[in-house]
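Enquirer: Here you go, one structure.
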Amino acid sequence: MRIIVEEHPNILDVSELLRPEKSFTDKEVSKFRDYTVDDNDPLKERVRRTYKLMHTHQTVDFVKGRHAEWLKFDHFKANIRDALEKLNDLVDESDPDLDLPNIVHAFQTAERAREEYPEWDWLHLTGLIHDLGKVMAFYGEPQWAVVGDTFPVGCEWGPSIVYREDSFVDNVDGANPKYNTKCGMYQPKCGLQNLTMSWGHDEYLYRVLKHNKSTLPDQALYMIRYHSFYPWHSGGDYGYLTTEKDEEIKNWVLLFNRYDLYTKSTKKPDMEALWPYYQGLIDKYCPGELEW
């Protein structure tokens, strides 16, 4: 029997507020991912507060606890469409670029990818579902543990992390010699696959898809798992932990992020008209009821 998630009022994902390419949007590129501090701008303040909470509480022990809680995949059962439609009630509190329900962004991303690569149907579906891990917000997970840019825990925080200068001052791992050095608990060049990432929607959806035996190709799974790892793929941090293979992964993630980041706009796609096409892709790559 399918378990439908209980209704909630609009949940806001603040990580999506400050992040695109002129040809993809009606907003100037320089206006995306604007993380400047402005006490008089409620949107910017909302984003900053979300990251402050994230950078305070995302520790090694916290992430281990989230794995224990979520990777049993026993919270609910739902097909992809039902889970996606929950995103009608979610606005990302970490996003400085868009103040619209997350499902709108999902279709914007998917349609732009479809326009540029019509032959890669797996990429279209990846665009549609890439933020689907945010359904955790409807099950008691605070937004700072669901949305926003990700980073490895258990090592020195990268210099390009947003609000890096003062947002980690209360994170206990900063005083732990096991975790506060450059490589921390990792070996140099250990590779992305061996990093423990801060807990959020990227890692969760990747794990859900693997658990439910999705047939999406590896490239799609890379895009989903690392699309929010901005300090690495866009900031140039953590090269001392990654490998040559990870550079190939980065190229796929950067390709995807052209659609994720640069399609954010107030223009809404006709979602009802698009559903039949995307339902066919869901049936092909992620059919039936999934365990979440």
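Cβ atoms are placed via backbone N, Cα and C, with glycine included.
Pulled these features from TrEMBL for this protein:
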BINDING   Arg33, Asp92, Glu93, Ser94, Lys134, Gly148, Asp149, His227, Ser228  substrate binding site
BINDING   His105, His130, Asp131, His201, His227, Asp260  Fe cation binding site
Enquirer: May I ask for the distance between His130 (Fe cation binding site) and Ser228 (substrate binding site), taken between their Cα atoms and rounded to an integer number of Å?
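Expert: With the alpha carbons as reference points, the distance is 10 Å.
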Enquirer: Whole-number Å only: compute the distance from the Cα of Asp149 (substrate binding site) to the Cα of His227 (Fe cation binding site).
Expert: 9
Enquirer: Using all protein chains shown, find which of the binding-site residues Asp131, Asp149, Asp260 scores highest when you count other CB atoms within 10 A of its CB.
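Expert: Highest number of other Cβ atoms within 10 Å: Asp131.
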Enquirer: How many Å separate the Cα atoms of Lys134 (substrate binding site) and His201 (Fe cation binding site)?
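Expert: Lys134 (substrate binding site) and His201 (Fe cation binding site) have their Cα atoms 5 Å apart.
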Enquirer: How many whole Å apart are the CA atoms of His105 (Fe cation binding site) and Ser228 (substrate binding site)?
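Expert: About 15 Å separates the two Cα atoms.
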Enquirer: Near His201 (Fe cation binding site), which residues of its own chain have a C-beta under 8 A away, given they sit six or more steps off in sequence?
Expert: Asp131, Leu132, Gly133, Lys134, Met136, Val146, Val147, Ser228
